[in-house]
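Participant: I'd like to ask you about the structure that follows.
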Amino acid sequence: MLIPSKLSRPVRLDHTVVRERLLAKLSGANNFRLALVTSPAGYGKTTLVSQWAAGKNELGWYSLDEGDNQQERFASYLIAAIQQATGGHCSTSEAMAQKRQYASLTSLFAQLFIELAQWHRPLYLVIDDYHLITNPVIHDAMRFFLRHQPENFTLVVLSRNLPQLGIANLRVRDQLLEIGSQQLAFNHQEAKQFFDRRLSSPIEAAESSRMCDDVAGWATALQLIALSARQNHTSAHHSARRLAGINASHLSDYLVDEVLDNVDVSTRHFLLKSAILRSMNDALIVRVTGEENGQMRLEEIERQGLFLQRMDDTGEWFSYHPLFGSFLRQRCQWELAAELPEIHRAAAESWMEQGFPSEAIHHALAAGDAQMLRDILLNHAWGLFNHSELALLEESLKALPWESLLENPRLVLLQAWLMQSQHRYSEVNTLLARAEQEIKGVMDGTLHAEFNALRAQVAINDGNPEEAERLAKLALDELPLAWFYSRIVATSVHGEVLHCKGDLSQSLSLMQQTEQMARHHDVWHYALWSLIQQSEIQFAQGFLQAAWETQERAFQLIKEQHLEQLPMHEFLVRIRAQLLWAWARLDEAEASARSGIAVLSTFQPQQQLQCLTLLVQCSLARGDLDNARSQLNRLENLLGNGRYHCDWISNADKVRVIYWQLTGDKKSAANWLRHTPKPAFANNHFLQGQWRNIARAQILLGEFEPAEIVLEELNENARSLRLMSDLNCNLLLLNQLYWQSGRKNDAQRVLLDALQLANRTGFISHFVIEGEAMAQQLRQLIQLNTLPEMEQHRAQRILREINQHHRHKFAHFDEGFVERLLNHPDVPELIRTSPLTQREWQVLGLIYSGYSNEQIAGELAVAATTIKTHIRNLYQKLGVAHRQDAVQHAQQLLKMMGYGV
């Protein structure tokens, strides 16, 4: 819940001096990216900018405090301020900020700018007290903000010092409007206006100018002069002499003498007690100070000129001038030290009553009241956890004694979930084990089950599926239905374990249950995770169309719940890329993989390994070996600088081994085979994949017998577990083994099986990647004219893809090849005496590649009748009568030229 006063522009008071010369300068702020107002405390930065902002509707105001160094809090308020300025235009960014569903501040800002691209009027955002920001991550994000904000957007920053926002660069590019302390200092005319409005008796212009010079135009000093003159009934000039040459560091003594010591005891205590509040309203004042009418007291303090300012148009929220507030808090620690804990307790209670638990925690921590802090956490910690207030929770839990956590074990559970969210898996188990050992009495069964659900999640994350399954089952046996979050966790883990074990049907059922529970209770990250798992299972089962449709539901969920910047979004676009690659939609697959890399742009490069693997796959399917090699260099560098799940390693090894196959690099394959551990099982898709990599390397090295043993066992496992996509891949690799070892009949048999299974999977690129050996076999099958219609259509599609992407592999008789052929000593005499034209050579190459007449016409962009003429001419020149004769003739020419076909 956001505090309204932090998003309210200060109210312009009637007795303030209108700074016309500075307002004129600010009037051109819309021509700059950044308007920067800097000066020490008390020079009137906020007052000036609030005057300038008056009447501007499309302006957001964000007043900072120390707590805004938390990235999530900063993001929430900043987006809320822009929403106020735009009337709710940036709803997606607002939802992402509220739900903490973004990868980083920069990625959230990138989404914000996408929405602001449709906003065409001038827009302003004021950030007050930016000097309070010390978090370098926020500084980096705001530099990004300034670089990429729309042209019609102006950021206005108020700060006591020069902020770390790339100021020099903006200044050089004339994108910075600056107002500093010298310009903010009152001139003689402004000082005269100020005293005329504040003092009951006017003073001469010369005296006013002299006092202005004495304090170097410092607005706070002028205000103190007027206040002191009114309180002490002395001349303003007397106060000015005391303030001459004073600065903020020596102001405390003056404020004690001239302000605190000149108010009655009741007002003094009111000032000191209320100063602990960063912002205040009637209810807070009543509780903290004991005054009966807090609103009336606040307005009275404001009228006395005691540095209290309204924070909103309604007059409900107030705050002290930062300089005076800081002074009062320091004095409160000295003068009311014994009462201070009780004052903070009262503040915490009032904030709780108004629904601001994070502010209440701030005061409970300041009070050192562990019992109050514990009670707040017991009632509100999980809500704060779900809103990613992780830093505040961690600080709070550290402030509680261990004994208090043991007495309230759900707080131990919360601390463990905090550790899990930070991937501190070993610490989670250590903490839970210690708690179980030291909790007095019999531990509640439900709590024990919640511990086990968390342990199960840690175990599966840490690559221990057996332990994860045991713990998940224990948790589900004991958890009541009402404990929905832990049940969602345990059900999800159990489903993931069954997926790893190859029990796809049961795993799919559990993931569907997880989705239903997660949607019902608005646990959106588990709903998304379950959909991703369902899609992977359906892919493994060979139901790629069903996997596609499940992915569509996941994309819709991401859109509806604004989950675009969760790392899981990368998982989804990656498995979409895998599916698109299988269907030979290579451009879309590549775009999807690149979007996955973009999602992870703020994470460690190692996280991008899977998407990079897919980019290599796309290059290999296109036959672009140079590009594949470049991408592989980066991939292999990442492999050497990280620890990865076996699934990631299997996918990375796959593209490496295929590349070695396509380039004939037996040395690299042999070295990899020597050092690669062989998995103990092959009961899921990633273990099947790694065994397939091993078999492919063995085939490349001519080790046909061990490769055949591997593939036959893989097929047996795949059939028993219904891993139909893996079976399709295994059959294709077995086909290559039979083809290269001269067992043509066996090769044809398994190829027919693979084509039939592809009617279910839709595979195209898995065939294409095998290149010319696959093309030759498909040509022969097409020529036999015995394939069923669907298999015939798929075979022709695969041939077109091979011809398009692997044309350098003999499918095209280009000019260089023809020239070498005609100069060959064994070229048939008929071709010498009646040579083919270049177009006729092209047609012969396409016939050899399995193209029909219509497809050849489309490829060469000529009429079908023209193709028939070319075919008739080349048949006559070659002395053949049928298409199959022409294919055989082309094959003989290729063999003569030394190509192994």
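Backbone N, Cα and C define each Cβ position, glycine as well.
So Swiss-Prot lists these for the protein:
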- 853-872: DNA-binding region (DNA_BIND)
- Ser39, Pro40, Ala41, Gly42, Tyr43, Gly44, Lys45, Thr46: ATP binding site (BINDING)
- 829-894: domain 'HTH luxR-type' (DOMAIN)
Participant: Which chain neighbours of the ATP site, leaving out Ser39, Pro40, Ala41, Gly42, Tyr43, Gly44, Lys45, Thr46, have a Cβ atom within 8 Å of the mean position of the site's Cβ atoms?
Facilitator: Arg160, Ser181, Leu184, Ala219, Thr220, Leu323
Participant: Residue list, the DNA-binding region (853-872) vs rest of chain: Cβ under 8 Å, 6 or more residues beyond ends.
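Facilitator: Here the qualifying positions are 796, 800, 839-840, 842-843, 846-847.
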Participant: How do the residues of the domain 'HTH luxR-type' (829-894) split into helix, strand and coil according to DSSP?
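Facilitator: Grouping H, G, I as helix and E, B as strand yields 51 helix, 0 strand, 15 coil.
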Participant: Look up Pro40 (ATP binding site) in the DSSP assignment and report helix, strand or coil.
Facilitator: coil
